[in-house]
Structures are given as structure tokens and as C-alpha cells.
Amino acid sequence: MIAPAPASDKEQIPEVVDDQEEVDDEIGGNPQKMVRESKKKKKKKKPKKKKPVQSDPPRVGLSKFFTNGVYPEGEIQPYKDDNSWRTTSEEKQYLEKITNEDPETTYSHIRRAAEVHRLVRQHARKHIRPGMTMTEIAENIEDGTRALVEENGLDAGVGFPTGLSLNNCAAHYTPNAGDKTILKDGDVLKVDIGVQVKGRICDSAFTLTFDHTYDTLLEAVQAATNTGVREAGIDVRLGELAGLIQETMESYEVEVGGKMIPVKPIGNLSGHSISLYQIHGGKSVNLVRNDDPTKMEEGEYFAIETFGSTGRGYVIESGECSHYARKVDAPHVPLRLTSAKSLLNTINKNFGTIPFCRRYLDRIGESKYLLALNHLVSQGIVEDYPPLCDELGAMTAQFEHTILLRPTVKEVVSRGDDY
């Protein structure tokens, strides 16, 4: 038997339950809690990838910007006269297509090198100023080249030592270690930069001055280079092309100190064809008319470069050598110096037939190598390229572009907004 509950003084009030609460309990509880839980279940959006931004100075590799491996095409110039049919030829268009798709012959290598060249020289043109040492200028250019091209042994890197020839020196000067030369206000500076990708070398140069005395000299040389670029093409004879370059350059005069001085093409310098891993490919584009019947051919690369001078228009070797290159057809000769054998191995591994300078040997840890290097030169294995200078007091200028004679059109791969 169950005992009865004790009596209470007040009447018990039954608990009132809200109908909505009952419903809420039935379907899972507090609606605010449900909202919070539903928010948790939503997937978080992934943050958008930020577009890469080039640094200043430029040091971010190009592959970050051209992720598909397609690099900008250079300036396109249609062939003229007897070759104008090439532009619309289906046969030549097909040939060009399969050439570009072949990883060995693709145009993407030279275009990548050219885009690096444009970015590096853009920065150089803005920042090179009197008071800087030649070493500062060279290292800034070369550091930028190595970073942008994403240096990778012989697959990608500097195409040749940065040329920084001053005044009467026209070519083949770059500072060696310890060189304290400083750029001055009245100097005429030639800046020659090379970039290579898979052996395809982009070779292009410009000249800087910091007063207006020699502006017309620069104008003359740039015009002569543009003439060479415009008139070059498949089946063009090199001797005739030289005459057109000469004619353009000799149409200018420079006023210096109230005296009119004719601009002369430097007769013993020239442009050249460019082969794979070989800056001088065997054909020369001279700057003075001659009888050379050699023709430019389909598929060839050329460096169209011209040099003008207020001096005699002729250069000689002068000064300490900095430029070297292992010869493509170097003889196999016994080397009596152990140090020469070791240095040759270093050259083969790091440069192959790509030109190098003494600073590059310093950079990879070589030391006390001059005896060995001179021995390789004397044995005909390595070529030395001393500075080339006109007479003292003369001023020289240089402009240069790399062109590609494609089956359908001519591509000026190094052309930019600057020149």
C-alpha cells in the first residue's frame, strides 16, 4: 500500500509547457543553436591566390608570371618583295607550327630570354647613373638576369659577360675583380646584355649618355641598327645589307665644340648569326659595303648590331682582357699543367661554349687561375676577347637586336618599348 502525499497549505500549480518549445525539442532543440551549427557546416572559401608582383630590382622568376610557359612574341615584320608570299603560305605556316611545337626548336626559349632581357634592361636604364662603379652596374644586371631566368646550369642563365664599354672602347669590356672604374657625367656607356635559355641566346645592346653632346651619335647608330633589322630577311645578301647600314649611319654628323664630325661605322666590327650555345654562329653582318654573297637563310637567328664612332672608325685590342669562351671546335691537345686540366673541367661544367669572364670564375670559387687560363688560350682551346677600342678622344655607340627569320615572318625578339 502506498502512503498518501502529505497535505500542502497551497494548491499546487501545474507547470505550463510552451507548445513551440515542445516542437523545438522534437526537432532538435534551440533554433539559434541550429543556425550556428548550420554555419559551421558550410565550407570555408579558399582565399584567392594573389597575383605575383615583380620586385624592384627585379628578382622574381618569370615562371611565376607565365605559368603556361607561353612568353610574349617579339615585334613581327612581314617579309618584303620576293618573299612576301611566305606570310600566307599554308606550307610555311605548317612548318612554323611543327617547328614551334618541337621542344628542341621551339620559339619559347628565345622569347623567354628576350622577356628577361627587357625587364633587366628596363631597370638598368632607370638606375644607371654617374657615380656608380662598373662592378655595381654589372652585378646588378647579372643578378637580375640570373633571378628572372631562374638560372639552372647550362639550361638557363647569363648569355655572356655584361659589356660596359666606355667612350672610345666599343666592345668586350667588363670589369675584372678590383676594377674601381666609376661612371662619369660625360661618359658614353655601351650596355650589352646576354640571356640564354636552352642555348638560345638573346643578344641586345643600347647606349647611355648623361649630357646631350653625343645624342646625335646615338641617334645615328640606333637608326643604322633599325635599317639593318628592317632590311634583313631570308635570301638577303650580307654584303648588300652592310651597305644599307653604312649609308644610314654616314648620313649623320655630330656637333662637338662647334665642330661638325661625321659619324663613321666601325669597319672591323660586325653583327653575326647566333647558333645554339654559340654567340658567333659563323656568318657576319659587316657595317661597310662589301662583296660577301652569303645569304641569310630560313630559321636562322641574327644579332643585328651596329657601332658608330666620331674617331677613325677602326678598333684595336687594348687593355686588360676579361672576356673568354671555349672554342666550339677546340682541339684535343695534351695539357701539361694540372691546373689547366682542372680549369677546363670547370669551364666545361659551368659554361660549355657560352662566353664567360674572370668575375664568373671568381663567383664559382676559382682562384689563382690566370696561368691556367692563359695556357688554355695558348693551346687554342679557349679564345680570349680583349677590349676593342678606337683612338683616344673618340666616342663610340652601339645598338643591337636579335632577330629570328621564321618561315612566315621576321620576328625581332628583343624589341621593346625602349628601343
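Each residue, glycine too, has its Cβ placed from N, Cα and C.
Heads up, TrEMBL stuff is auto-annotated, nobody curated it.
TrEMBL lists 1-66 with the feature region 'Disordered'.
Under the heading compositional bias 'Acidic residues', TrEMBL lists 16-27.
According to TrEMBL, the compositional bias 'Basic residues' annotation covers 38-52.
Per TrEMBL, domain 'Peptidase M24' is recorded for 109-314.
For His172 (substrate binding site), applying a Cβ distance below 8 Å and a minimum sequence separation of six or more within one chain yields Gly163, Ser165, Ser322, His323, Tyr385, Pro386, Pro387, Leu388. Marked as substrate binding site by TrEMBL: His172, His280.
If you look up TrEMBL, you'll see Asp192, Asp203, Glu400 marked as divalent metal cation 1 binding site. Long-range Cβ contacts of Glu400 (divalent metal cation 1 binding site) within its own chain (separation 6+, distance under 8 Å): Asp192, Asp203, Ser204, Ala205, Phe206, Thr225, Gly271, Ala303, Ile304, Glu305, Thr306, Ser414.
Taking Cβ-Cβ distances under 8 Å and a sequence gap of 6 or more within the same chain, the neighbours of His272 (divalent metal cation 2 binding site) are Ile279, His280, Gly281, Gly282, Lys283, Ser284, Val285, Phe302, Ala303, Glu305. Residues or ranges marked as divalent metal cation 2 binding site by TrEMBL: Asp203, His272, Glu305, Glu400.
Neighbour density for Glu305 (divalent metal cation 2 binding site): within 10 A of its CB lie 26 other CB atoms from the protein chains shown. Compared over the binding-site residues Asp192, Asp203, the count of CB atoms lying within 10 A of a residue's CB peaks at Asp203.
Taken together, the residues of the domain 'Peptidase M24' (109-314) have an average pLDDT of 98.
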